[in-house]
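Notes follow the structure.
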Amino acid sequence: MNNLLELGLVPFFIQQLNDVSLLETQLARVTAVQRSRLTVVTETGEKVVELSPALLQAEPTDRPTVGDWVLLDASLARITDVLERKSLFKRLGAGSSSEIQPIAANVDILFIVTSCNEEFKESRLERYLALCAEAGAMPVIILSKADLADDVDQYVQRARRTQAGVAVETANALDPDTLAGVRSWIDSHTTVALVGSSGVGKSTLLNTLAGHTLTATGEIREQDRKGRHTTTHRQLHTLPDGGLLIDVPGMRELRVADVDQSLSTVFKDIEALATQCRFADCHHDSEPGCAVMKAIETDSIDSRRLSNYKKLLRENAQATATLAQKRQQGKDFARMVKEVKRIKQSKHAE
Ligand SMILES: Nc1nc2c(ncn2[C@@H]2O[C@H](COP(=O)(O)OP(=O)(O)OP(=O)(O)O)[C@@H](O)[C@H]2O)c(=O)[nH]1
Ligand SMILES: [Zn+2]
């Protein structure tokens with residue numbers, strides 16, 4: 001069990017096991033996913049396993065992803081069950097596929113990494129924060145490349161305004177002596193996922209925290225078109241001093257879906273003001289007695305923040321409607337298959 005404790009096995013998961021399941025199966029944590037093959041770590045070490053036929057056919061979010069705790073069958077070659085998750089970081093599939101994709105499971109803290117340069121965008125941070133609240137993880141904004149900026153404090157102030165009370169840390173990902181603030185969030189049972197655009201320093205931070213280059217331990221890196229090395233796979237790493245880190249490659253498209261509640265967490269200030277607007281259905285455009293517009297006029301809220309809030313609300317409504325439609329189509333299809341089977345069976349019986 002010792003090995004598993006170092007992998008972040010906490011009472012929440014232990015409580016889900018009964019004696020029988022432990023006798024007949026083995027508990028493991030997923031560290032990487034390559035299509036239908038998954039790398040897991042068990043008490044005795046690393047293994048590559050496959051999914052049971054039932055899991056292969058399950059909804060994408062019900063299939064195991066990086067960070068999941070799973071049970072293996074007696075042959076230890078297949079995953080049969082996924083334990084209930086503490087949290088799940090997910091996103092809506094890129095392009096036209098309107099499918100929710102799981103990114104990382106059982107993440108306690110999400111490090112949202114952004115650099116102190118033109119890459120820094122409040123609107124992107126707000127998007128990540130909504131996904132983080134939805135996942136059920138705690139966000140920490142990491143401002144990397146602090147060594148290259150003249151006015152780091154300006155970035156800290158701007159980052160703090162993206163969500164009331166959000167934690168913000170600065171870092172030079174290349175220098176371990178600047179990482180005390182970042183390290184203060186990691187302890188031996190904590191699983192941290194690193195997200196952020198390509199090139200902000202996620203892999204550099206990971207390697208500096210580990211004290212050595214982790215790329216050799218299985219992280220797969222490829223050269224992108226510009227010849228830079230870029231992370232292409234998600235992977236769970238164990239830090240030498242304890243703590244688990246999941247490196248999530250930069251995602252170009254990060255659409256929100258099913259984030260109603262989480263938008264209220266991120267934009268609590270706007271939603272609180274909205275209760276004071278004269279009209280209950282105020283769009284905070286040009287209506288008289290609009291408390292939100294008044295806050296913008298007096299500079300207590302940024303007009304960019306309001307626009308982004310509206311944009312995310314629209315995007316969420318659209319995606320949620322598409323998902324509901326897809327789910328209904330799935331149900332209709334399942335009903336049709338059942339009906340065809342019933343007719344076939346009754347013909348057979350005749
Ligand atoms: N000066 C400075 N350079 C940094 C810092 N963080 C990262 N870099 C450099 O920025 C470049 C990109 O860093 P990576 O760690 O590969 O970025 P990434 O976020 O992992 O990118 P992807 O793997 O594409 O998702 C590298 O050349 C790093 O050396 C920092 O805090 N300060
Ligand atoms: Zn209003």
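Glycine is treated like the rest: Cβ placed from N, Cα and C.
Values in this document were obtained by computation on a predicted structure and should not be read as measured data.
Feature annotations, courtesy of TrEMBL:
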- 97-254: domain 'CP-type G' (DOMAIN)
- 105-252: domain 'EngC GTPase' (DOMAIN)
- Ser144, Lys145, Ala146, Asp147, Gly196, Ser197, Ser198, Gly199, Val200, Gly201, Lys202, Ser203, Thr204: GTP binding site (BINDING)
- Cys277, Cys282, His284, Cys290: Zn(2+) binding site (BINDING)
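Cβ atoms within 8 Å of the centroid of the Cβ atoms of Cys277, Cys282, His284, Cys290 (the Zn(2+) site) belong to the same-chain residues Ala274, Arg278, Phe279, His283, Asp285, Glu287, Gly289, Ala291, Val292, Met293, site residues excluded. Distance between Cα atoms for Cys290 (Zn(2+) binding site) and Val200 (GTP binding site): 39 Å, as a whole number.
For Gly196 (GTP binding site), applying a Cβ distance below 8 Å and a minimum sequence separation of six or more within one chain yields Phe111, Ile112, Val113, Thr114, Tyr128, Ile142, Lys202, Gly250. Secondary structure at Ala146 (GTP binding site), taken from DSSP and collapsed to helix, strand or coil, is helix. According to DSSP, Lys202 (GTP binding site) sits within a helical segment. Among Ser144, Lys145, Ala146, Asp147, Gly196, Ser197, Ser198, Gly199, Val200, Gly201, Lys202, Ser203, Thr204, the residues given in the record as binding GTP, the maximal Cα to Cα distance rounds to 19 Å.
Among the binding-site residues Ser144, Ser198, Val200, Lys202, Thr204, Cys282, residues whose Cβ is positioned under 6 Å from ligand 1 are identified as Ser144, Ser198, Val200, Lys202, Thr204. When the binding-site residues Lys202, His284 are compared by the number of other CB atoms within 10 angstroms of each CB, His284 has the fewest. Less than 6 Å separates the Cβ from ligand 2 in the case of Cys290, drawn from the binding-site residues Ser144, Ala146, Cys290 in sequence order. All protein chains considered, the CB of Cys290 (Zn(2+) binding site) has 21 other CB atoms within 10 Å. The Cβ neighbour count for Thr204 (GTP binding site), using a 10 Å radius over every protein chain in view, is 17.
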